[in-house]
Amino acid sequence: MPVGGLLPLFSSPAGGGLGGGLGGGLGGGGSGSRKGSGPAAFRLTEKFVLLLVFSAFITLCFGAIFFLPDSSKLLSGVLFHSSPALQSAADHKPGPGARAEDAADGRARRGEEGAPGDPAAALEDNLARIRENHERALREAKETLQKLPEEIQRDILLEKEKVAQDQLRDKAVFRRLPPVDFVPPIGAVGREPADAAIREKRAKIKEMMKHAWNNYKRYAWGLNELKPISKEGHSSSLFGSIKGATIVDALDTLFIMEMKDEFEEAKSWVEENLDFNVNAEVSVFEVNIRFVGGLLSAYYLSGEEIFRKKAVELGVKLLPAFHTPSGIPWALLNIKSGIGRNWPWASGGSSILAEFGTLHLEFLHLSHLSGNPIFAEKVMNIRTVLNNLEKPQGLYPNYLNPSSGQWGQYHVSVGGLGDSFYEYLLKAWLMSDKTDLEAKKMYFDAVQAIETHLIRKSSTGLTYIAEWKGGLLEHKMGHLTCFAGGMFALGADDAPAGLTQHYLQLGAEIARTCYESYNRTYMKLGPEAFRFDGGVEAIATRQNEKYYILRPEVVETYMYMWRLTHDPKYRKWAWEAVEALENHCRVNGGYSGLRDVYQRHESYDDVQQSFFLAETLKYLYLIFSDDDLLPLEHWVFNTEAHLLPILSTNKKEVEVNEK
Ligand code: DMJ
C-alpha cells in the first residue's frame, strides 16, 4: 500500500501527486518567487531526496512483507519436508487485502489444482521478484537524484502548466451559458397545516431558524460559520478561503420557510460577494454538497439566474480534481492552481468512497443547466471504474486509489467514509425519473451485501449497522449511519419483488435504534457513535464519541419515515429532538454543539454548523408540514438536504405511445 501511495508522487501525469503532495509545504506562498534562489532550491532538493530515500525504503519493505508469508511457508516446507498436500485450504486463501492477480499468481506458483509445485524453484522465483523490485526502486531513486534542482522545478512547472491549460479549455466552454427554460418549482411553498398544534410546532421551528440566522448575521456575516458562544466567525479548512458557507447552505431553507427578506439579503450577498477566484485548497466533496448543491437548489426554487451562473462557475473550478490516471477525483483541490491531492491519512493515497461517490446528482444537474456534458461524463466514469472492480463479498471498500484505480484498505461503512455513496445510487435512480437502471441495480446489490455482512440485531432486538474491517465486524454505529433508515424506506417501493415491506420495516428498525441512541443520553441528543458490545446497546462508551454537533441524520430518517408511513411516533420523536435542542444547544448567540451528551451540564463546542440550517432545521420543519411541501415524487434531497428536481424524461409518454 505505501508504494502505491508514494510512487505516484513522482509519476502522476496530472501533477497532482507532486504538486499536491508538496504544494502545501513548498509551493504555498508563491513558489514562483523562490525559483532559482539558493536556499529555497536547496530545501526543495533536500525534501525530494528524503522522499525518494523513504519511498525506496518503503518499496523494499513492501516487497519483503508481500512475499514473506509464501516464502516462509515454502522455506518451512523445504526445511521440514512437509507435504503441501497436508496444509489446510485456509493456508492458501488470499487475505482480504490481496488482489485477484495475487491469488492467481499464488495458485500458479503452487501448481495447478493444488498439486505440489517445486518449493525450491518457487522460493527462487520469489527472491528474484524481491530483487527485481529492489533494483527498480533504486534505479528510480537514482534517476531522480541525478536531476538538478532546476530540472525538478521545471518538472513541477510543466505539470502546473498542463493543469492550467486544461482549466483554460474548460473555462472557454462556459464563457456564455445557454438559455434554459425555468420550470416553476412544484410544492416549493406549502399550505399551513390544518391542525393548530402542528402549526404551532412548525412555527416554533421557523423561530429557531430565525434565531440561528440572525445571530450568524449579527456576528459572522459573510464568514463560513458562527461561533455562538464567542460570538464571532468560524472558518473551517474544508472550504479554504471560499466564504459564506452558512449563507449558501441556508438559502433553500429560508425560501421554503418563506423568510423572504432573509432570502433576498442572502441572494444579494451571493451576487456581490461570493467569490471563487481565490487561492484556496478545498474539500471537493464538501464544496460540492454545500455550495454547488445549495446554489442549484436556490436556482430551482427561485429561478434567479445568479444561482445557476455561480453553480456552473464553481462546477468548472472543480473539474481539475478529475485529472487523475483513473478519473477518480482527488479529495482536495486548489481551485486556483487546479492541483489536487488526497487526505494524508487516507489508506495508501486513496480517495474516499463517500466523497467521490457523492458528486453524481449535482454534476448531472450542472450538465443539464450548462448544456455541457462534461460534468455528467466525469461522474459516469466514476461509475464505470466502480463497475469494473471486483467487490469483496459484494461490498464497496471505503478507499480507492485514484492512480492505480484499485481498492485501498478493505474497510466498509454505511457511516463515515461510505454513507452518501449508497444514498446517491438510490437517488440517481429516483432523480432520473426511474430510468437509470444501472444505478438501481448497483443500489439494491449493495444493500443486499450490507444486509448480509453488516446488519445485525442486538440481544434486546435493536437492529444496527456495524462496520466491516477486512471481514471482521466492529459493533459500532455512527450518528452519520442513522440516515440509512430513511434511505431504506425511500427505496422500498422499487425493491425487488416482495421486498417492499421488508425495506420499510428495516427503515423503521434503524429509526428505532437511532431514537434509542438519543433517548439513552442525559441530553436526549445522540452521540457521534454508539456501540453494541461490552454489555451496552446504543450507548457511546468512548469519551471521544460522546459529542453531538447538531447533526441531522436522525431527524432526516424521521422525516422520510413520517412521509412514508404517517406513523405519529415520528412526529413525537422529532418534537423530543426539538425540545432537546432548545434545552441544551440554544444559547444567546445561536446554537452550539455539545461535547458530551451524557453529562448533566452543557459543555459547548462553540460551533453552529452550517448543516444545522441546511439540514437539521429543514427536516424538522418538513416533519411538521403537510406532504404537499416538496413532494418526494418531484424532488430529491442531496446529502446536504438541498433540493434537486427529478429530471423528467418523456419515458411515460413513450410508454403511453407504445401501448
Ligand atoms: C452533512 O454535511 C452531510 O449530510 C454529509 O453527507 C455528512 N454529514 C454532514 C452532517 O452531519
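The first residue you see is number 1, and the count goes up from there.
Using the three backbone atoms N, Cα and C, a Cβ is placed for every residue, glycine included.
As given in TrEMBL:
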ACT_SITE  Glu286  active site, proton donor
ACT_SITE  Asp419  active site
ACT_SITE  Glu528  active site, proton donor
ACT_SITE  Glu553  active site
BINDING   Thr639  Ca(2+) binding site
COILED    120-151  coiled coil
DISULFID  Cys482-Cys514  disulfide bond
REGION    87-120  region 'Disordered'
TRANSMEM  6-27  transmembrane segment
TRANSMEM  48-68  transmembrane segment
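Annotated features, which come from TrEMBL, shown on the structure.
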residue: Glu286; record: active site, proton donor; DSSP (3 states): helix
residue: Asp419; record: active site; DSSP (3 states): helix
residue: Cys482; record: disulfide bond; DSSP (3 states): helix
residue: Cys514; record: disulfide bond; DSSP (3 states): helix
residue: Glu528; record: active site, proton donor; DSSP (3 states): coil
residue: Glu553; record: active site; DSSP (3 states): helix
residue: Thr639; record: Ca(2+) binding site; DSSP (3 states): coil
Annotated recorded positions Cys482, Cys514, Thr639, filtered by Cβ under 6 Å to ligand 1: Thr639
Pairwise Cα distance for Cys482 (disulfide bond)/Glu553 (active site) [Å, integer]: 5
Lowest local Cβ density among Asp419, Glu528, which the record lists as active-site residues, within 10 Å: Glu528
Glu553 (active site) as reference: those recorded positions from Asp419, Cys514, Glu528 with C-alpha within 10 Å of it: Cys514
Chain-internal residues near Thr639 (Ca(2+) binding site), provided their CB is under 8 angstroms and they sit 6+ positions away: Ile289, Gly293, Thr358, Asp419, Ser420, Glu423, Tyr424
